[in-house]
Amino acid sequence: MSWTRVVVLSSLTTLLILTFSSVVKSAAVRDDSKAGDPKGAARHVFMPESDASNFFKHRSRRSPRYYSERQAEQRVRLSANERRREYNEEQRNEFENYVEEERDEQNERSREKNEQVREYHYDGLYPRYHWFH
């Protein structure tokens with residue numbers, strides 16, 4: 001029970017110190033009247049009413065899109081498809097080259113190994129049918 005009193009008292013004193021300190025005054029929002037022009041700030045944030053109504057009129061769900069907008073979206077889609085196709089083709093070519101090189105190396109290793117085995121087991125009789133005795 002005593003430790004809760006200590007915690008509560010320390011938090012209350014900290015809160016009291018922070019409310020009356022000068023550091024908090026500088027961090028608080030100022031109430032002076034010489035703040036920036038509110039109309040200028042609103043002008044940067046909001047657009048005129050006519051532009052906003054035109055924007056929503058053109059962008060509503062039911063309004064048809066313009067032909068040029070459709071064409072532009074189609075061009076963007078086609079160019080993205082072309083880039084994806086080229087990238088996939090490049091990746092496929094690189095993989096095919098890698099597989100071909102690996103296959104060639106594997107064939108070379110197995111051929112060398114077969115030649116070594118053949119040389120090791122050769123007993124001087126060359127026609128092949130003499131090998132099996």
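Start at 1 and count along the chain as shown; that gives each residue its number.
For all residues, glycine too, the Cβ spot is worked out from N, Cα and C.
Marked as coiled coil by Swiss-Prot: 88-121.
The compositional bias 'Basic and acidic residues' annotation in Swiss-Prot covers 67-95 (among others).
Marked as compositional bias 'Basic and acidic residues' by Swiss-Prot: 106-116 (among others).
A helical conformation is recorded for E69 (4-carboxyglutamate) in the three-state DSSP classification. Residues or ranges marked as 4-carboxyglutamate in Swiss-Prot: E69 (among others).
Positions annotated as 4-carboxyglutamate by Swiss-Prot, on the basis of similarity to another entry: E73 (among others). Sequence-distant contacts of E73 (4-carboxyglutamate), defined by Cβ-Cβ distance under 8 angstroms and a gap of at least six in the same chain, do not exist.
Feature annotation from Swiss-Prot assigns 4-carboxyglutamate to E82 (among others); the stated evidence is similarity to another entry. Mapped onto three states, the DSSP output places E82 (4-carboxyglutamate) in helix. Non-local neighbourhood of E82 (4-carboxyglutamate): empty, since no residue in the same chain at least six residues away has a C-beta under 8 Å from its C-beta.
Per Swiss-Prot, the feature 4-carboxyglutamate maps to E86 (among others). Sequence-distant neighbours of E86 (4-carboxyglutamate) (same chain, 6+ residues apart, CB-CB distance under 8 A): none.
Sequence annotations record features per position, and here Swiss-Prot assigns 4-carboxyglutamate to E89 (among others). Reduced to three states, the DSSP call for E89 (4-carboxyglutamate) is helix. For E89 (4-carboxyglutamate), the Cβ neighbour count at a 10 Å cut-off comes to 10, with all displayed protein chains included.
Taken from Swiss-Prot, the feature 4-carboxyglutamate applies to E94 (among others). In the three-state DSSP scheme, E94 (4-carboxyglutamate) is classed as helix.
Marked as 4-carboxyglutamate by Swiss-Prot on the basis of similarity to another entry: E100 (among others). Counting Cβ atoms from all protein chains shown, E100 (4-carboxyglutamate) has 10 others lying within 10 Å of its own Cβ.
Here Swiss-Prot flags E102 (among others) as 4-carboxyglutamate, drawing on similarity to another entry. Using a 10 Å radius centred on the Cβ of E102 (4-carboxyglutamate) and all shown protein chains, the other Cβ atoms total 10.
What Swiss-Prot lists as 4-carboxyglutamate is E105 (among others). Long-range C-beta contacts of E105 (4-carboxyglutamate), restricted to its own chain and to partners at least six residues apart, with a cutoff below 8 Å, are absent.
A simple way to gauge crowding: the CB of E108 (4-carboxyglutamate) has 10 other CB atoms within 10 angstroms, across all the protein chains here. The feature 4-carboxyglutamate is assigned by Swiss-Prot to E108 (among others).
When secondary structure is read from DSSP and collapsed to three states, E112 (4-carboxyglutamate) falls in the helix class. E112 (4-carboxyglutamate): 10 other CB atoms within 10 A of its CB, across all protein chains. If you look up Swiss-Prot, you'll see E112 (among others) marked as 4-carboxyglutamate, on the strength of similarity to another entry.
The annotation 4-carboxyglutamate is assigned in Swiss-Prot to E115 (among others) on the grounds of similarity to another entry. Counting only residues at least six positions away in the same chain, no Cβ atom sits under 8 Å from the Cβ of E115 (4-carboxyglutamate).
According to Swiss-Prot, the feature region 'Disordered' maps to 57-116.
Here nothing among the modified residues E69, E89, E108, E112 falls inside 10 Å of the CA of E100 (4-carboxyglutamate). In this structure the alpha carbons, written CA, of E112 (4-carboxyglutamate) and E102 (4-carboxyglutamate) are 15 Å apart.
Counting every protein chain shown, the Cβ of E69 (4-carboxyglutamate) has 11 other Cβ atoms within 10 Å.
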